[in-house]
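S.K.: Sharing the record's features from TrEMBL:
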{"type": "REPEAT", "residues": "102-135", "note": "repeat 'WD'"}
{"type": "REPEAT", "residues": "144-187", "note": "repeat 'WD'"}
{"type": "REPEAT", "residues": "188-229", "note": "repeat 'WD'"}
{"type": "REPEAT", "residues": "382-416", "note": "repeat 'WD'"}
{"type": "REPEAT", "residues": "428-462", "note": "repeat 'WD'"}
{"type": "REPEAT", "residues": "482-514", "note": "repeat 'WD'"}
{"type": "REPEAT", "residues": "524-565", "note": "repeat 'WD'"}
{"type": "REPEAT", "residues": "566-607", "note": "repeat 'WD'"}
{"type": "REPEAT", "residues": "608-640", "note": "repeat 'WD'"}
{"type": "DOMAIN", "residues": "661-795", "note": "domain 'U3 small nucleolar RNA-associated protein 13 C-terminal'"}
{"type": "REGION", "residues": "801-955", "note": "region 'Disordered'"}
{"type": "COMPBIAS", "residues": "839-853", "note": "compositional bias 'Basic and acidic residues'"}
{"type": "COMPBIAS", "residues": "854-873", "note": "compositional bias 'Acidic residues'"}
{"type": "COMPBIAS", "residues": "905-916", "note": "compositional bias 'Acidic residues'"}
{"type": "COMPBIAS", "residues": "917-932", "note": "compositional bias 'Basic and acidic residues'"}
{"type": "COMPBIAS", "residues": "935-946", "note": "compositional bias 'Polar residues'"}
Amino acid sequence: MTSNTLQFKTNFAVSSKIEPFYKGGKVQISKDGKYIFCTCGTKVNILDVATGRVSHSIEQDDQEDITSFTVSPDDEILVTSSRALLLKQWDWRENNCTRTWKAIHTAPVASMTFDPTSTLLTTGGCDSTIKVWDVVKQYCTHNLKGSSGVVHVVEFHPDISRLQLFSSSMDCKIRIWDLKSSKCVSVLESHYSAVTSLSFTPDGNTLVSSGRDKICTVWDLKTKTPTRTVPVFETVEAVVLLPKQGDFSKLGVKSKEPHFITAGSKGVLRVWEASTARCVFTQTVPARPQPVEVGGGEEPDEHSLTHCLLLPATNQIATVTAEHNFLLSDLYTLVLEQQFVGYNDEVLDVKFLGPADSHIVVATNSPQLKVFDLATSNCQILHGHSETVLALDVFRTGSMFASCAKDKTISVWQMNIETGVVCCVAKGSGHANAIGSISCSRMKQSFVVSGSQDCTIKVWDLPESLETRGGSPEVLHARVTEKGHDKDINSIAISPNDKLLATGSQDRTAKLWSSADLSLLGVFKGHKRGIWCLQFSPMDQILASSSADGTVKLWGLQDFSCLKTFEGHDASVLKVIFVSRGTQLLTSGSDGLLKLWTIKTNECVKTVDAHEDKIWGLHGNKKDDLVVTGSADSCITLWKDVTEIELAEEQAKQEDQVIKQQELSNLLHEKKYFKAMGLAISLNQPHTVLMVIKGILANEDGTEQLEKTILKLRRDQTESVLRFCGVWNTNARNCLEAQAVVQVLLQHESPEELLQYSGVRAALEGLLPYTERHFQRISRLLQASMFVDYMWQNMRLTGNASCGENQDEEMEDSSLGGPAPSFTIDPNPSMGLDSEGGDSARLEEAERQGRGEVEEEEESSQQEDVESDDDDVSAANKGVKSRQVGSPEEGKENIEPESGSEGGSDSEEPMDERENEEQKLVRRETEARPEKMTAGNQAETQSATPRTRVMRLRR
């Protein structure tokens, strides 16, 4: 599409998605550091670290929640446990379940792990038992009892030759199990709260344990005694020992003594020296200030860390926060390198960000803002608000945006174009209630307008030096404040020239204001429920509004009248934007639907089932080819305009169809039936396939050629032909071809093979009733044709025997002359010839019946013609037998008056007209059955007079 040509959009397709992939539970990382395994309800999601996308998803067939899982050290085997008390072994790369067995536990499995050789698997259950499994030989090797409560930690000793297993349960004790004797050989007691993790030194002689009692304990495994208790002053969820190799001088490591890293409720990583119990390094997070102790040193839950994992292959350390965010930091500096969001909660607003729209900023149901890099899904978490962020808006340049929240403040954020780092540059406060809407100036980064639940509108001017300002955020003050509505203000929009602004409220009205002094210019009334969104047209003086009444309205800014109303949503319309240079609208509703409208025709061009819940966020990029939506179902979807792609595909498809049609015509002309049939099947043209089959059967050896052609077809082509046969068989004209194809398949395919065909049952159900009907029709036709042939042969014999007897009579009556019909059927053979004119009346009746039968023969099918001929012959036979009862004299007396041109009753027709009708009847009888008439019969018929033929028939 050229820049000067406007083309309406017709469809949007999903380009990419940011979906929740972690909702709490165990997390594990592959040995090579490329994949992150995490639970999400009934699934185990496998995240590709390079792209930030879910590459695999392992889901339970029984739809039961997964309670625990583990990956073998060689990254080959994944084992999951569910509430159904089943263990499943997976080939996770192929997404294939290779084995399922009962866990034998009487309660769900709470923890599991592999030994270093990837051959032994141990499971700790909620039933206080521990079981060890040999995954190679597939049997349970040990059943260890003695723990108290849920066994939530199990670990093998890194030296497999010792065959030792460590476990911890709700009694806060660490038990050491000897797998050779299946007994507990030692109990380590030091913690007064639940033990959360165990970490071994590479030599296997030292163990570090962490607990929620805010201490870490260093154990000497040779003497089974604690050598140091380290108070960390926070609830520790994970502890990791630093490897001996590597330069950790930037972390304060100056000796070769063991050092470990703790992750806990304060939300930062800290490095401790085991021998001195001293903290040598504390991680700093640039994205938020240093945590402040609250209530005895506890940090709010959203800042705490729940997991900490070492990635030696990539020299990284991974942590997981209570808000389900994954943080990958450099192992030697603890500097944050990557961040993934496992769960976004309810998305309240979303906007494109960056000069090239390379990022999106998302407001979720939390005080933090999330900025996603669309290429890598890497996320920055922005801390600036203390309560839930409700709305966002981006300046025209794309590098600066504003946010508002329930904490009654607004914030202005600046993005560093080179590094992509976002920081807060200004903050403003002054509203008396939560701020639900915000809008930025369009031409310059000069001011921001906010609307609050306190029903007021505020205009905030931005200083010119704001972009280059560093350090602490600038404090903003409202230049103008105005009470705008009687209820909450849900939306604010600023015109493209920055001179006007519009507000939409829950009071069902929209108002137009001057941005300079907030003077009221007009009121838009017409919606029946509250207004959710307003948007100015980029090309015309038009304002679009969406409402909870399910409609979208266009308003004229000159007279404030409603120009158009778009109805189609069954629920509230939450967002509306202009696309295609202001000629189309894109709307999102609380029913999860996305609708595309053409303004000129008031027509809904496309409806997309985009989300499973309310779509609160909707925004388009500068190029007008991408749209992003955010929903309450925690999904963020990028939609790509595929109008041009679909148009190009359609044109290419049409061109390909034309080429194939020409090729098909050439093949048919050259009588290359096999190739023609294959091409016709690929084009899905049943009629052409039928013509090909008829062409094959028209040859002398058509049956053999058809058999060879059908057997050469591929399986899918044969299935298509069988499906076509069901359609052909419904028509009597095409049933023979359909039956020929079916016969070939039945002769060369066994019933078992035919049942493997796709759609064979439906095809058979369509073939059977019509095949039975065709069989019955052909059976009746065969019987009727055999009866007609039999009667015709008998009539020929009778006619030859009486030829000599009637020769004298024929010569006497030869004066009448002229061709006449061979037979005249007497409709009343039982009546005598006593009454005067009776014979002539019966003759006229026979002539009329003959004329009627001729007309019926012209309109009916060949089968009906045969049946009528049978009736004629039987009636003629009856007439002959009945006429033989009367005397010759009576017949002669009655026939002679009819032969004259005068006399008889008034109803009688003239003789010459009757003769003409009889001649026509004879001619049609002769043309209908030329093969049944011999040369002698034809000469006899032409020379006979009507009277003679009637007399012959009577005999």
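Each residue, glycine too, has its Cβ placed from N, Cα and C.
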S.K.: Using a Cβ cut-off of under 8 Å, list the residues of the same chain at least 6 residues beyond the repeat 'WD' (382-416) that approach it.
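M.R.: Distal contacts: 287-289, 348-357, 359, 361, 363-371, 422-443, 445, 448, 450, 452, 460, 462, 466-467, 473-474, 476, 622.
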S.K.: Counting Cβ pairs closer than 8 Å, which of 144-187, 482-514, 566-607 has the most of them with the repeat 'WD' (428-462)?
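M.R.: Looking only at 144-187, 482-514, 566-607, the most contacts with the repeat 'WD' (428-462) come from 482-514.
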S.K.: Let's see if you can do this one: DSSP helix, strand and coil counts over the repeat 'WD' (566-607), in that order.
M.R.: 0 helix, 26 strand, 16 coil
S.K.: Given a Cβ distance threshold of under 8 angstroms, which distant residues of the chain, six or more beyond its ends, lie next to the repeat 'WD' (524-565)?
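M.R.: Hits for the repeat 'WD' (524-565): 487, 490-496, 500, 502-512, 571-578, 581-583, 585, 587, 589, 597, 599, 602.
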S.K.: Using DSSP, tally how many residues of the repeat 'WD' (524-565) sit in helix, strand and coil.
M.R.: 0 helix, 24 strand, 18 coil
S.K.: May I ask for the residues of the chain that lie six or more residues beyond the repeat 'WD' (482-514) and have a Cβ under 8 Å from a Cβ within it?
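M.R.: Those are 436-444, 446-447, 449-453, 455-457, 520-525, 527-536, 538, 543, 545, 547, 555, 557, 560, in sequence order.
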S.K.: When DSSP states are grouped into helix, strand and coil, how many residues of the repeat 'WD' (102-135) land in each?
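M.R.: Computed counts for the repeat 'WD' (102-135) are 0 helix, 19 strand, 15 coil.
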